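What follows is a short report on a single structure.
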Amino acid sequence: MDERMKHRTATIAAYLLFFAVIFALPFFLNSFWTNRVATYLVYSICAVGISLSWGYAGILSLGQGLFFGIGAYMLAMSLTLAVPENNPVPELMLLNMQPDAVRDLCCVTPGSFLWIPFRSVAFGMIAAIVVPCVLAAGLGYVMFKRRTTGVYVSIITLAFALIGQLLIINNQPLTGGFNGLANLAWLEIGGFEFDPYGPSIYYLVAGTLLAVVLVSRAMLSARIGQVLKAVREDEARARYLGYDVENYKLFIFCFSAGIAGLAGMLFTLTAEFASPSLMATSFSISMVIWAATGGRASLLGACIGALLVNFVGSVASESPAFQPVWPIVLGGLFVFVVLVMPNGIAGIVKDLIGRSGKARAVGQEVYP
Amino acid sequence: MNAVANVSRPAAVPMAAMPILQAKKLTVRFDGFPAVRDVDLAIADGELRVIIGANGAGKSTLLDLLCGKILPSEGEIWLRERNITGIGEAAIARSGLGRKFQTPTVFKEMTVLENLQVASNRRVRVFENLFDWLPSRPSDKEAAVAERTGLLGAINRRASELSHGQLQWLELAMVLSQDPKIVLLDEPAAGMTAAETDKTAELLLDLAGSHTVLVIEHDMAFVRLICRTITVMHQGAVLAEGTAAEIEHNPAVIEAYLGSAGLSHA
Amino acid sequence: METFVIGLSIASILFMVALGLAIIYGTMKVINLAHGEMVMIGAYVTVLATKHLGFNLYLCLPLAFLVTAGFGLVIERTVVRRLYGRLLDTLLATWGIALILQQLIRIHFGLGLFGIHIDGLGSDLQNVPVPGELQQTLHFLGANIPVYRAFIFVVALLLGAVTWWLIYRTRFGSQLRAVSVARNTAAACGVNDKRVNMLAFAYGSGLAGIAGVLVSGFKTVSPDMGTPYVVDAFLVVVAGGVGHLAGTFLSAGILGEVQSFVAMWLNDVYGRTVLFAVVILILLFKPQGLFVSRSR
Amino acid sequence: MQNRRTFIKASGLAAMGLAAPAILRLDGRAWAADEIPVGIMYSLTGTTAIVEKSMNQCAQMAIAEINAKGGVLGKQLKPIIEDPASEPRIYSEKARKLAIEDQVPVIFGCYTTASRKAVLPVVERRKGLLVWPTWYEGEECSKNVLYAGSAVPNQQLENSLPWLKKNLGKSKLFIVGSDYAFPRGMAKTSKTICQGIGMEVVGDEYLPLGHTEWASMVSKIGSSGADVIFSNVVGDSIVAFYRELRNQGYDFEKLPLCSSTTTEVEIKAMGPEYAQGSYVSLPYFQTVDTPQNKVFVEAFKAYAGTDAVTHAAMEAVYIGVNMWAMAAEKAGDVSPEAVVANAGGLSFDAPQGKVTIDPENLHSYLTPRIGKTRADGLLDIVDQYPEPLLPLPYSSVGETAEKRICTAGGAVL
């Protein structure tokens with residue numbers, strides 16, 4: 001029994017250490033680095049979502065950028081309306097409206113009534129999480145009821161995200177098109193204004209990350225975590241034990257979409273803009289890269305992966321020595337991780353802690 | 001209800017109780033080739049039925065049909081008065097049909113205890129398991145079924161470290177902990193030592209009272225140990241049904257299996 | 001009629017790029033995100049050959065095939081070989097390779113998107129002089145068909161036939177199919193699966209190189225021109241049925257036509273949107289691809 | 001064996017970790033007393049890298065020239081170069097680094113409108129200053145952006161559309177563009193101008209950015225009965241568009257094309273023979289014969305290589321850097337508020353001629369020109385305004401010289 005106990009205490013210690021460092025950082029960083037690390041933490045939340053659906057349920061979604069982007073847009077719409085001169089109608093609609101249109105949200109351009117509920121910031125924040133979940137539920141229901149698995153899921157989600165991006169760019173009078181939404185007010189809750197460069201946003205993001213990780217850990221150590229592991233290993237066997245495997249996959253798919261939406265919302269707070277480029281394929285792929293670098297089946301690994309990759313990417317592109325070659329540094333990091341650390345950074349951390357027992361078949365995951 | 005009454009069976013087998021599991025005119029074709037043709041089957045509650053037949057006789061396909069893995073081209077499957085044709089594997093499993101596969105399919109990366117916990121959990125919906133805390137020690141039920149299949153000692157060992165025989169028993173234990181009404185077993189004794197085979201036979205006989213068991217088997221020695229009624233399948237259809245003695249003297253069976261290893265060394 | 005021809009030309013380009021991917025992914029289950037970069041390398045080979053060696057477009061085809069096949073060989077030997085069976089790790093590794101290749105090209109050639117070249121080799125480097133006879137337009141059945149598009153279509157057909165012959169009519173082809181279906185059993189029967197994989201990866205990359213040559217005829221050559229092609233090629237391969245050559249060919253045709261007709265009817269933006277929607281529907285309702293019969 | 005491999009892996013990871021702080025310099029950068037840090041933020045990688053790389057070099061050249069003449073207020077300018085990689089997300093991040101960590105008083109950066117919108121919140125919130133060079137769709141009136149050298153729709157259309165009608169006798173216009181803010185803004189302004197001069201707009205179509213499949217659009221143009229095309233297509237699509245026109249048998253004598261975006265860079269990329277005979281409406285071409293332009297072209301060729309070409313976006317960067325320096329000298333202070341306050345009314349003898357900053361909307365009076373592409377890839381100037389034209393950023397929603405929307409106090413919609 002002691003081997004399992006040793007493993008559990010080591011994991012808890014790793015989590016405590018990680019979050020201790022994260023919460024202590026703002027005291028050592030200037031306001032720019034506080035904001036930058038806050039953005040990295042937003043990416044970590046995304047990586048946790050991917051690690052959950054991919055690492056624990058075997059669902060690799062290459063369209064997570066869509067849910068992230070929608071989360072960002074929902075809050076951005078609320079924050080746009082919160083800016084005084086955007087009332088009653090946001091500037092982007094004034095510029096694109098027909099000369100004789102009524103200057104009211106209901107009918108200035110076709111579809112502008114959709115903006116009305118976003119007058120309340122609370123609605124924007126809730127929608128940032130609920131809308132991605134609803135979209136994921138719709139797509140997930142059709143996909144999993146048809147028992148789509150493996151690379152088909154990845155390609156369908158990829159195509160779905162591309163459709164989302166195209167539609168947003170194409171409806172400029174409604175969404176601001178390719179430029180997205182800038183000119184946003186700061187989030188204000190109960191009189192307290194969140195300054196993107198101050199520690200307030202940093203702790204909001206760090207706290208959310210902690211909450212997301214804790215809820216996910218609790219879920220994974222509860223029965224559902226066990227069922228998910230079973231589903232990932234042998235879907236048919238789980239089915240013959242009476243489990244509706246599709247519902248479990250759907251739940252995780254929606255849960256990680258909600259996490260992506262939440263991360264998107266926090267991105268809007270730290271970067272103060274939302275643009276369709278968040279839904280691009282390259283961004284969705286980089287999310288998968290962060291989770292993979294960190295070690296797919298570990299939430300902490302995903303966080304570390306996201307922080308490390310973004311940190312190396314930023315620092316390499318800024319230091320004069322690496323500037324002309326920073327994509328090579330990044331590309332080299334990915335190849336290094338896959339060849340030398342098959343289980344990602346988490347694999348290394350586990351090796352260092354010295355888990356007893358034969359090293360798990362290194363990286364041999366049988367993919368359906 | 002009238003569908004149940006007019007079922008016709010080739011051999012007159014004393015019908016003790018209302019059949020718990022019934023297949024009517026069950027047929028399935030793969031690109032035209034009828035793997036199973038017009039099979040009528042009625043299993044009584046608590047009966048231990050064995051299905052024998054040469055390779056390719058359609059035994060495994062029949063089992064796949066019963067547990068919902070494959071949808072029949074024609075015909076129906078009834079569980080007591082409920083038509084369970086095509087309601088999906090999970091629903092069939094939940095209505096009381098446990099299936100053990102030929103090659104032991106268990107969750108190898110998980111421990112024996114975890115395997116049993118997944119199997120014995122009857123509240124299968126997502127939200128029921130969301131924050132339901134996982135005990136680290138087996139419940140009485142799990143301990144009992146582990147003890148019954150001789151796995152109590154290895155309860156915390158990873159499934160991938162078990163021997164072949166132990167894996168078969170683990171899968172059997174998992175099926176049992178689903179507390180199924182009917183247990184479908186696909187060659188449970190395959191690849192086992194003589195001692196293990198005897199223990200399995202003993203286990204199945206012990207089961208017969210409380211559960212209905214349907215076994216597919218080749219090894220006539222093992223069949224002889226455990227069964228009362230045998231159904232012989234040949235090229236997708238039911239050739240004959242009856243006790244071991246009747247089967248061996250049935251001319252159609254002998255002709256179909258002249259010299260085949262399956263029956264001759266009975 | 002005109003739209004049909006346009007659809008055909010879109011289809012032939014899609015098919016060209018997807019063919020190489022069909023080999024690599026279809027038979028070896030390796031997600032190669034650097035496949036787009038092979039198209040880019042093929043295009044740069046054309047640029048260099050026409051500029052320094054005075055090759056015309058036709059000669060560039062075999063040259064580009066050899067160069068990109070060489071690149072494919074190197075990538076397979078150094079990285080991909082260690083990752084068989086780990087499908088998703090190849091995704092990560094090949095994405096890293098793609099980044100490295102893009103930046104190497106960018107440094108060596110300087111920025112080549114619009115042909116303006118700040119450092120490194122000559123300036124009007126990055127466009128390819130298309131041979132005279134390919135620039136005319138044919139008048140055929142009332143539609144004027146650009147000869148260059150027809151040329152692409154012919155090369156696509158030719159390549160499809162050669163690949164089909166290679167896969168289904170040669171020993172190497174049978175070994176390839178054996179390895180793709182059951183690697184271990186094939187190896188057990190004496191098939192040197194390492195060599196087969198290496199050659200298949202090289203051949204797939206070579207096909208992408210040829211696609212690069214043809215694409216450089218109507219598009220500028222830039223370090224990151226390759227990425228969009230990976231997405232489109234993947235859609236075509238998976239929709240057509242993995243590892244099923246005829247499937248890839250027909251699905252490229254259908255997707256090309258869909259995009260062309262919708263673009264003519266609505267606008268190009270909806271053309272792309274409907275294209276993606278069609279792929280989603282195909283994958284949902286015919287996961288094995290359009291042309292694979294339902295197997296047991 | 002197992003633990004040795006782990007040790008190697010662990011040390012690799014640790015080494016990467018240790019190297020980081022050295023690069024990071026957490027405490028921000030300390031500047032020598034006689035140096036002014038200025039930010040240069042043009043993409044060196046990614047899709048728009050090619051045009052922006054030349055802008056990066058032009059900015060560095062301009063700063064080197066100013067430093068050679070003694071710098072600004074006696075202090076040398078210290079350029080800090082960042083690579084935003086053509087991603088709005090990274091533009092925003094790098095702008096924050098320049099504004100907060102390096103505390104630069106000015107950022108010379110951004111090319112597309114999308115990148116500017118991502119940087120806008122940073123400069124406006126931190127009271128910084130962005131000097132933005134590119135011609136764009138207007139509809140913006142920020143007090144933290146100096147639109148030095150950046151033309152607005154009326155400065156590209158008020159000259160070209162009437163010229164096409166009067167000189168070439170064309171009256172059926174087909175507007176085509178990439179699907180984003182600039183082409184849509186240009187289309188709106190074009191429609192209002194066409195109504196004024198009795199020109200019929202027979203088509204207004206868009207296709208996704210970077211889309212290179214032009215066959216359907218070109219045949220749609222052919223069947224629309226248009227006798228002249230106005231193209232607001234950007235990026236890689238331009239090359240595919242011109243080549244497809246040639247492939248489908250159109251030539252610019254029968255069906256003239258005027259573009260707002262095909263500079264010398266794009267012409268060289270597609271091969272001059274494809275663009276020969278097409279028109280471009282921009283304030284600057286390499287062939288502008290002013291003394292300053294001769295010096296500018298020679299200097300840039302010396303700096304970036306003999307076969308480099310100069311183009312409108314790069315010239316605008318040159319204007320921006322110089323006018324910022326002039327405003328700072330005049331104000332005696334490099335702070336953004338001082339520069340903005342003193343920029344209004346300043347004039348600079350730019351390569352394209354005299355350029356003046358309008359005090360109301362911080363845009364620039366520019367001289368609209370129309371060029372016709374020659375065989376060698378440069379453009380002959382076929383039409384030129386006698387003096388610089390007033391910039392009207394909100395012409396798409398009816399701003400006129402008399403009824404100004406963008407004023408010193410902000411936009412009044």
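Glycine is treated like the rest: Cβ placed from N, Cα and C.
Long-range contacts of the transmembrane segment (C:6-25) within the same chain, counting only residues at least 6 positions beyond its ends with a Cβ under 8 Å from a Cβ of the stretch, are 31-32, 35-36, 38-39, 146, 149-150, 152-153, 155-157, 159-160, 163, 167, 200-201, 203-208, 210-211, 214-215, 229-230, 232-234, 236-237, 240, 242-243, 245, 248-249, 252-261, 264. Per TrEMBL, transmembrane segment is recorded for C:6-25 (among others).
Residues 17, 20-21, 24, 55, 57, 59-60, 63-65, 67-68, 71-72, 75, 80, 83-84, 87-88, 90-91, 94-95, 97-98, 101-102, 105, 109, 112, 125-128, 201, 204-205, 208-213, 215-216, 219, 221-230, 233 of the same chain, all 6+ positions outside the transmembrane segment (C:30-49), place their C-beta atoms under 8 angstroms from a C-beta of that stretch. The annotation transmembrane segment is assigned in TrEMBL to C:30-49 (among others).
The transmembrane segment feature in TrEMBL is assigned to C:55-75 (among others).
Packing against the transmembrane segment (C:87-105) from elsewhere in the chain are residues 29-37, 40-41, 44, 71, 75, 79-80, 112, 223-224, 226-227: each is 6 or more residues past its ends and has a CB under 8 Å from a CB in it. Sequence annotations record features per position, and here TrEMBL assigns transmembrane segment to C:87-105 (among others).
The transmembrane segment annotation in TrEMBL covers C:147-167 (among others).
For C:200-221 (among others), the entry in TrEMBL reads transmembrane segment. The list of residues near the transmembrane segment (C:200-221) in space but at least 6 beyond its ends in sequence, with Cβ under 8 angstroms from a Cβ of it, reads 13, 16-17, 19-24, 27-28, 30, 32, 35-36, 38-47, 57, 60-61, 64-73, 75-76, 80, 112-115, 126-128, 130, 134, 148, 151-152, 155, 159, 163, 166, 176, 229.
The transmembrane segment annotation in TrEMBL covers C:233-257 (among others). Same-chain residues lying 6 or more positions outside the transmembrane segment (C:233-257) and placing a CB less than 8 Å from one of its CB atoms are 4, 7-15, 17-22, 25-27, 35-36, 160, 163-164, 167-168, 180, 275-276, 278-279, 282-283, 288-292.
As annotated by TrEMBL, transmembrane segment applies to C:269-285 (among others).
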